[in-house]
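Chemist: Can you read through this structure? Questions will come right after.
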Amino acid sequence: MNALAATNRNFKLAARLLGLDSKLEKSLLIPFREIKVECTIPKDDGTLASFVGFRVQHDNARGPMKGGIRYHPEVDPDEVNALAQLMTWKTAVANIPYGGAKGGIGCDPGELSISELERLTRVFTQKIHDLVGVHTDVPAPDMGTGPQTMAWILDEYSKFHGYSPAVVTGKPIDLGGSLGRDAATGRGVLYATEALLNEYGKSISGQRFVIQGFGNVGSWAARLISENGGKIVAISDVTGAIKNSNGIDIPSLLNHAKEHKGVKGFEGGNPIDPKSILVEDCDILIPAALGGVINKENANEIKAKFIIEAANHPTDPEGDEILAKKGVVILPDIFANSGGVTVSYFEWVQNIQGFMWEEEKVNKELKTYMTNGFKDVKEMCKSHNCDLRMGAFTLGVNRVARATVLRGWEA
């Protein structure tokens, strides 16, 4: 089942639990606007190259739309639609005043020079500048983009609308980016895990973790979990996987990964088959890489008691069912990885106020949002007698539905 089908399925189950009428249900699913533009740039060798850029703006009932821009060769419209919709529910679960959006350009950023990427980003911004904005739609980085991409968008947008730092988040600190943004998703994973374990009278300390993925989210989650006394027994990334039953030394691994562009060859652990990472023996499994990795093929073999979804859509519905029967507790992506968008919201707030916060304040506010978010999800689980995934979906869908009705938008 692809990401769009799975997201639609979860939405429909939530709508049924909430007893939404069919007209409202239908109007909540339809995107507000889909934008598709051609971006032609001169390449460094003087030839012209054309790329397709797009933006799906899903819903703005609760505030400006929010979501990443990815540069990737296979940008699938269905996937972007699913991710835009997911952002609508995710911002509602986090209780921040945004709707959902997603976009990108179909290109391979590795094949383009820095100056070609800059020209492409500026042309894309020229094409969509009147459809995004501080109070309309606020983009952010995603796969293949980063703070530098956001800096180019900000500069190009500002040529048309005056200096507007709040038009994008995930910017460099020197242009109004927020302290703590880099670690935000991983730190949110830590706070979410703490809140969940607290329910079971446990703490991070002494638990054994396995983390799939050692990019931004996986590496920050690993660092923060080990600082809080968690024992990380196995880690994988695109280069390979390593295991150490006594716990991996994370600071050393971070240095190794920086130097060797990955975890492969790290001497503080034994190499294992990356395919086996999800079924290694542990208490808590954190998939922090790709979607669809936990499915009917491997769900039966998973030994973890808790799964914290740091990646988007790592568990497919069939995997979900198998794990539920086994009594595995899954903290869903829509809540578990919302630390990033929450700190993006803090960045936007700081830019609008023209007043920047200390990193300590950013982290303290993030902890408050994640802790309250978990309580709200648990309340929905109680009132609808459902698991955490449905608890989070009903919470998000209910908040968007209420805003839609209050604004007089229902069909």
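Here, residue 1 is simply the first one shown, and the rest follow in order.
Using N, Cα and C of the backbone, Cβ positions are placed for all residues, glycine too.
OK, TrEMBL features for this one:
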BINDING   Lys66, Lys90, Ser344  substrate binding site
ACT_SITE  Lys102  active site, proton donor
SITE      Asp142  site 'Important for catalysis'
BINDING   Thr185, Asn216  NAD(+) binding site
Chemist: I'd like to know which of the recorded positions Lys102, Asp142, Thr185, Asn216 sit within 10 A of Lys66 (substrate binding site) at the Cα level.
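Modeler: So the list is Lys102.
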Chemist: Show, in sequence order, which residues other than Lys66, Lys90, Ser344 on the same chain lie with their Cβ within 8 Å of the centre of the Cβ atoms of the substrate site.
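Modeler: Close Cβ neighbours, site residues excluded: Gly67, Met87, Thr91, Ala94, Ile96, Tyr98, Gly100, Ala140, Ser338, Gly340, Val341, Thr342, Tyr345.
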Chemist: Going by Cα-Cα distance, pick out whichever of the recorded positions Lys90, Asp142, Thr185, Asn216, Ser344 is nearest to Lys102 (active site, proton donor).
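Modeler: The answer is Asp142.
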Chemist: Given the binding-site residues Thr185, Asn216, Ser344, which one has the fewest other C-beta atoms within 10 angstroms of its C-beta?
Modeler: Asn216
Chemist: Can you tell which of the recorded positions Lys90, Asp142, Ser344 lies nearest to Thr185 (NAD(+) binding site) in space, using Cα positions?
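Modeler: Comparing Cα positions, the candidate nearest Thr185 (NAD(+) binding site) turns out to be Ser344.
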Chemist: Once near-sequence residues are set aside, which residues in the chain of Lys90 (substrate binding site), 6 or more away, have Cβ atoms under 8 Å from its Cβ?
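Modeler: Listed in sequence order, they are Gly100, Ile334, Phe335, Ser338, Val341, Gly396.
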Chemist: Please find, for Lys66, Lys90, Ser344 as listed binding substrate, the greatest distance between any two Cα atoms, in Å.
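Modeler: Max span of the substrate binding residues, Cα based, is 13 Å.
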Chemist: Among all protein chains shown, how many Cβ atoms are found within 10 Å of the Cβ of the residue listed as 'active site, proton donor', not counting that one?
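Modeler: Result for the residue listed as 'active site, proton donor': 29 neighbouring Cβ atoms inside 10 Å.
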Chemist: Restricting to the chain of Asp142 (site 'Important for catalysis') and a gap of 6 or more, list residues whose Cβ falls under 8 Å of its Cβ, or answer none.
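Modeler: Looking at Cβ-Cβ distances below 8 Å from Asp142 (site 'Important for catalysis'), excluding near sequence neighbours, one finds Gly67, Gly68, Ile69, Arg70, Lys102, Gly104.
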